[in-house]
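Features as listed in TrEMBL:
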- 19-56: region 'Disordered' (REGION)
- 39-49: compositional bias 'Basic and acidic residues' (COMPBIAS)
- 70-80: compositional bias 'Basic and acidic residues' (COMPBIAS)
- 70-247: region 'Disordered' (REGION)
- 89-102: compositional bias 'Basic residues' (COMPBIAS)
- 103-119: compositional bias 'Low complexity' (COMPBIAS)
- 128-140: compositional bias 'Basic residues' (COMPBIAS)
- 165-176: compositional bias 'Basic and acidic residues' (COMPBIAS)
- 211-221: compositional bias 'Basic and acidic residues' (COMPBIAS)
- 222-239: compositional bias 'Basic residues' (COMPBIAS)
Amino acid sequence: MGKRDNRVAYMNPIAMARSRGPVQSSGPTIQDYLNRPRPTWEEVKEQLEKKKKGSKALAEFEEKMNENWKKELEKHREKLLSGSESSSRKRQRKKKEKKKSGRYSSSSSSSSDSSSSSSDSEDEDKRQGKRKKKKKSRSHKSSESSMSETESDSKDSLKKKKKSKDTTEKEKDIKGLSKKRKMYPEDKPLSSESQSESDYTEEIRAKKKKSSEEREKTTEKTKKKKKHKKHSKKKKKKAASSSPDSP
């Protein structure tokens, strides 16, 4: 039996299309797009200018709004002007009425003004007198306070001077007595002043002795401490030297 032939004939698509002929296009071609009608440069400029200016409808609407607004402003101005005129007229009427009433009441007001002016002058005189009295009292008080301060300062200075004089005199007396004792050591004290000086010298000597004794004690303590430290160090050295010798 022979094999079945499954081969298929090859068909060239380009050759098939050419054999069919030209195809009717359903839409515009590229050539139609390139050959489309185009506006000139002048027409383009006109369109741009129109866009800048805006639409006519909007311009008309704006003009109408401006006209209405102008009318409203004129009405408002008229109202204000009429109101101001009426107020000015009312003021003029009031002024005239005041002038008429002032003529009738001028005689009575003159008498009342004179009495009020006299009372005002008396009040001012009284106030001025009170102010002068207050100023005098203040000046007197300030002078008294300054005098008291100066007196207290002078008293303090006198006290300080007296104290300084007393101390200098005592020092002079002590120096003189010490010189006399040096010159005449066998003589006995003759007065209470000499006794007080001797007591003072004895107190100074006692204080010096105490201070010297305290210093000696402190030195002895420091020496003992040093000796104790040296002795302890020697013991440690002996113990260290003896420890390696022992088995």
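Glycine is treated like the rest: Cβ placed from N, Cα and C.
Residues of the same chain lying 6 or more positions beyond the ends of the compositional bias 'Basic residues' (128-140) include none with a Cβ under 8 Å from any Cβ of it. Counting residue by residue with DSSP, the compositional bias 'Basic and acidic residues' (39-49) contains 9 helix, 0 strand, 2 coil.
Not one residue of the same chain 6+ positions outside the region 'Disordered' (19-56) places its C-beta atom under 8 angstroms from a C-beta of that stretch. In the compositional bias 'Basic residues' (128-140), helix, strand and coil residues by DSSP number 13 helix, 0 strand, 0 coil. Across the compositional bias 'Basic residues' (89-102), DSSP assigns 14 helix, 0 strand, 0 coil.
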